[in-house]
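Pulled from TrEMBL, these are the features on record:
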BINDING   Thr108, Asp182, Glu207, Lys237, Asp241  substrate binding site
BINDING   Gly273, Glu274, Val275, Gly276, Lys277, Gly278, Glu294, Asn397  NAD(+) binding site
COMPBIAS  17-36  compositional bias 'Low complexity'
DOMAIN    242-403  domain 'S-adenosyl-L-homocysteine hydrolase NAD binding'
REGION    1-56  region 'Disordered'
Amino acid sequence: MQEFTKFPTKTGRRSLSRSISQSSTDSYSSAASYTDSSDDEVSPREKQQTNSKGSSNFCVKNIKQAEFGRREIEIAEQDMSALISLRKRAQGEKPLAGAKIVGCTHITAQTAVLIETLCALGAQCRWSACNIYSTQNEVAAALAEAGVAVFAWKGESEDDFWWCIDRCVNVDGWQANMILDDGGDLTHWVYKKYPNIFKKIRGIVEESVTGVHRLYQLSKAGKLCVPAMNVNDSVTKQKFDNLYCCRESILDGLKRTTDVMFGGKQVVVCGYGEVGKGCCAALKALGAIVYVTEIDPICALQACMDGFRVVKLSEVIRQVDVVITCTGRDGGRPGEHLDRMKNSCIVCNMGHSNTEIDVTSLRTPELTWERVRSQVDHVIWPDGKRVVLLAEGRLLNLSCSTVPTFVLSITATTQVPSQALLLLCDESPSLSCSPDEYVASLHLPSFDAHLTELTDDQAKYLGLNKNGPFKPNYYRSVPLLGAQSLFFRWELHP
């Protein structure tokens with residue numbers, strides 16, 4: 001209790017209760033921060049802040065929160081042992097020396113471990129947030145204190161969002177040669193605003209469905225002139241992060257924001273990709289009645305075989321209690337169905353793009369918005385009906401709760417060698433690999449798992465090397481788009 005109350009605010013010691021009228025710029029992170037500066041109305045852009053080394057090459061909510069952020073990062077490191085192991089193995093060789101990485105991801109304790117790993121391996125990094133609500137302010141402060149040029153805070157405006165990205169890219173005397181993106185906004189900004197910088201980029205690493213979709217659009221148009229690695233489709237990202245992370249975090253986000261009980265509730269999940277599969281599995285386990293909407297007959301058949309009824313949204317929209325979009329791109333939004341939803345229906349998005357729910361159609365004079373708690377709005381119709389909208393249609397789990405550290409370690413450990421491979425790639429050689437099996441092997445010791453070894457006869461019969469790889473390229477390869485059509489392959493044993 002003494003630790004909790006010893007930090008005063010402008011209005012005195014912080015109350016344990018929280019105002020229901022708190023604004024969306026509430027500085028509480030999704031991971032229950034120790035500090036709160038929600039009463040501070042001064043934009044971080046207008047503050048003059050320096051870290052203990054005298055550097056002001058950052059823009060965060062409050063640099064004084066760095067100590068708390070460092071504790072968050074240390075907690076995350078405990079469950080990211082594989083990434084830490086990779087850092088210790090390679091930091092002596094500095095494989096990323098010469099890499100100038102500009103990144104745009106969620107800025108959380110887990111991402112901070114990735115950023116500091118990249119720096120330990122020799123990279124110079126500048127970072128912004130890919131979501132206006134997902135930044136943990138104290139973690140951003142800890143990164144700034146450690147010397148990382150980070151520009152992000154929780155509750156940015158749209159103008160702030162693009163300003164932060166621009167501050168990472170437009171720097172005198174420093175030019176990025178690598179991009180690590182989540183959602184494609186950074187790539188889009190560099191491509192549109194700084195074409196000369198874009199042409200000199202050595203490689204792009206993209207980790208989201210939405211960002212990959214945008215890269216493929218550029219590639220089809222013949223405008224992707226640099227190599228880009230589709231990390232999202234690597235086995236260790238898609239079949240682990242997208243599935244297992246969402247299986248746990250969907251419930252966390254909904255519980256924290258609405259305190260809803262799922263037993264007997266009717267829920268419709270839009271999209272049955274890896275994210276949808278994880279959401280449906282979690283909801284079903286708690287006794288919810290789950291419907292699925294799909295455009296892909298293969299995914300629809302999978303949903304049927306898993307015991308879910310595949311429907312059109314129009315067939316169930318009047319009766320469901322919760323609507324969850326997770327298509328990963330524009331087009332999964334129930335905009336035309338919002339008027340038909342029942343009273344108190346909860347609407348949220350688990351995909352990256354904030355256009356999956358047609359929030360624009362809700363911002364009309366006829367409808368009243370009422371903020372009931374951080375990231376929870378009641379949208380009220382003239383007849384009194386209200387819809388509960390979470391995180392203004394943005395990514396629910398990282399905006400309103402936390403995500404499992406261990407599974408993010410798998411994704412982060414995939415990204416590090418991806419950066420190294422792209423940095424080493426020049427105009428001529430063709431590299432071949434995905435680090436999937438190597439990354440998976442690094443995480444097995446956490447479970448005290450012991451792999452079975454093939455005998456010589458078994459390996460000969462299967463046509464495999466005894467030490468792997470064990471999956472064909474089409475199963476585990478990470479495609480490299482753009483200037484070259486390559487596939488990466490990483491040896492299981494470093």
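A Cβ is built for glycine as well, from the same backbone N, Cα and C atoms used for every other residue.
Any TrEMBL annotation is an automated prediction that lacks curation.
Structural mapping of features recorded in TrEMBL.
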residue : record                 : CB count, 10 Å
Thr108  : substrate binding site : 26
Glu207  : substrate binding site : 26
Lys237  : substrate binding site : 26
Asp241  : substrate binding site : 27
Gly273  : NAD(+) binding site    : 20
Val275  : NAD(+) binding site    : 28
Gly276  : NAD(+) binding site    : 31
Gly278  : NAD(+) binding site    : 23
Glu294  : NAD(+) binding site    : 23
Asn397  : NAD(+) binding site    : 28
Overall pLDDT for the domain 'S-adenosyl-L-homocysteine hydrolase NAD binding' (242-403), taken as the rounded mean: 91
Glu274 (NAD(+) binding site): tally of other CB atoms within 10 A of its CB: 24
Cβ packing number for Asp182 (substrate binding site), 10 Å threshold: 24
Proximal but sequence-remote residues of the same chain as Lys277 (NAD(+) binding site) (Cβ under 8 Å, at least 6 apart): Leu243, Arg247, Gln302, Asp306
Neighbours of Glu274 (NAD(+) binding site) among the binding-site residues Thr108, Asp182, Glu207 (Cα to Cα, within 10 Å): none
Candidate nearest Asp241 (substrate binding site) in space, where candidates are the binding-site residues Gly273, Gly278, Glu294, Asn397 and distance is Cα-Cα: Gly278
Nearest recorded site to Gly273 (NAD(+) binding site) by CA-CA distance, among binding-site residues Thr108, Asp182, Glu207, Lys237: Lys237
